[in-house]
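S.K.: Below: one structure in structure tokens.
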Amino acid sequence: MVLLKSLVVASLAAAVAAKSAVLDLIPSNFDDVVLKSGKPTLVEFFAPWCGHCKNLAPVYEELATALEYAKDKVQIAKVDADAERALGKRFGVQGFPTLKFFDGKSEQPVDYKGGRDLDSLSNFIAEKTGVKARKKGSAPSLVNILNDATIKGAIGGDKNVLVAFTAPWCGHCKNLAPTWEKLAATFASDPEITIAKVDADAPTGKKSAAEYGVSGFPTIKFFPKGSTTPEDYNGGRSEADLVKFLNEKAGTHRTPGGGLDTVAGTIAALDEIVAKYTGGASLAEVAEEAKEAVKSLKNSAELKYADYYLRVLDKLSKSEGYATKEFARLEGILKKGGLAPAKVDELTVKVNVLRKFVEKAAEEAKEEL
């Protein structure tokens, strides 16, 4: 009976160990797993009797689980440095727990000196590897985590970049965090906009904070496309305030939550021409004028949307009621929901353009009622 009980306990222990997402390291596998694998690895040197190690254990396991989807890009591992003292000595471990980051290219690790909470550890991994932890029950963050080594590569190019310089202990930063996540999600479909964050209190972020004049937290800076000189953001910190700011600066037409406003995709010069048609002008004359106007457009985005104006005019030449029917059809599809964000954007732009063709008729119908 005692033997059976021992076997059951051993089996349960083995099952628990098998489920762990944290890699166990010993002298015989350390070099192969950490130094020769080419994969960045965070290693905890711990002792079973250490109270701080016991407190860290569930957080460390959660970190490993949140990164398990990217195990080909980053590893979370641990060493019982009380049992394997040679390994601890090899890497200068003098207390427990000690966390060291190996970049997969060098035998010289970087000491982790941040907090032992999940957010701090996750942010550290994101800064070092670009891999973001997937927290249980939530989608991966769309905020771009930057540091001293990566911020230069993120600004000055073909993107407008909005950066929040924060500190883990800052209460206002914690209040901003969920709004910042929403903002990143709102602009996720806009390739020319990046929503980013720098832990300006971390050793890997202090240089950037000093360079860009950060003296308090949070500090928000806007780097326009093609510029490495930031503009200070001093407006409100609600999603609506931040969305409005980015729309004005980047020429986007987002609404809080990620939708597009009623102007998105429309072109003022073509709207004036369409107004002549809805006002009673000849369709053939309007279509010809629109084609000439399109030739003068130089913005690539405008040219893309201009094609749809011309397509609608062509359809109208074959069916007078096309714009009204297509407007109603696309609005119905949008109301049903269940579409991918890119498809929602595409249909919203078409509805906005079609509205220019039908709004005169809609106004007249209201007047008759």
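Each residue, glycine too, has its Cβ placed from N, Cα and C.
Pulled these from Swiss-Prot:
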SIGNAL    1-18  signal peptide
DISULFID  C50-C53  disulfide bond
SITE      G51  site 'Contributes to redox potential value'
SITE      H52  site 'Contributes to redox potential value'
DOMAIN    131-251  domain 'Thioredoxin 2'
DISULFID  C170-C173  disulfide bond
SITE      G171  site 'Contributes to redox potential value'
SITE      H172  site 'Contributes to redox potential value'
S.K.: How many whole Å apart are the CA atoms of G171 (site 'Contributes to redox potential value') and H52 (site 'Contributes to redox potential value')?
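M.R.: Counting only the Cα atoms, the answer is 25 Å.
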S.K.: To the nearest Å, how far is the Cα of C173 (disulfide bond) from the Cα of H52 (site 'Contributes to redox potential value')?
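M.R.: So the Cα of H52 (site 'Contributes to redox potential value') lies 27 Å away from that of C173 (disulfide bond).
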S.K.: Translate the DSSP assignment of C50 (disulfide bond) into the three-state scheme.
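M.R.: The three-state answer is coil.
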S.K.: According to DSSP, how is the domain 'Thioredoxin 2' (131-251) divided among helix, strand and coil residues?
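M.R.: Grouping H, G, I as helix and E, B as strand yields 38 helix, 24 strand, 59 coil.
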S.K.: Within 10 Å of the Cβ of C53 (disulfide bond), how many other Cβ atoms are there?
M.R.: 21
S.K.: Identify, in sequence order, the residues in the chain of C50 (disulfide bond) that are 6 or more apart from it along the sequence and have a CB within less than 8 Å of its CB; answer 'none' if there are none.
M.R.: F96, P97
S.K.: State the Cα to Cα distance, in Å, between G51 (site 'Contributes to redox potential value') and C170 (disulfide bond), rounded to an integer.
M.R.: 27
S.K.: Taking only the Cα atoms, work out how far C170 (disulfide bond) lies from H52 (site 'Contributes to redox potential value'), in Å, as a whole number.
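M.R.: With the alpha carbons as reference points, the distance is 24 Å.
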S.K.: Mind giving me a neighbour count for C170 (disulfide bond)? Other Cβ atoms within 10 Å of its Cβ, every protein chain shown.
M.R.: 16
S.K.: Measuring Cα to Cα, how far is H172 (site 'Contributes to redox potential value') from C53 (disulfide bond) in Å?
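M.R.: It is 30 Å, counting Cα to Cα.
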S.K.: What is the Cβ neighbour count of C173 (disulfide bond) at a 10 Å cut-off, with all protein chains included?
M.R.: 21
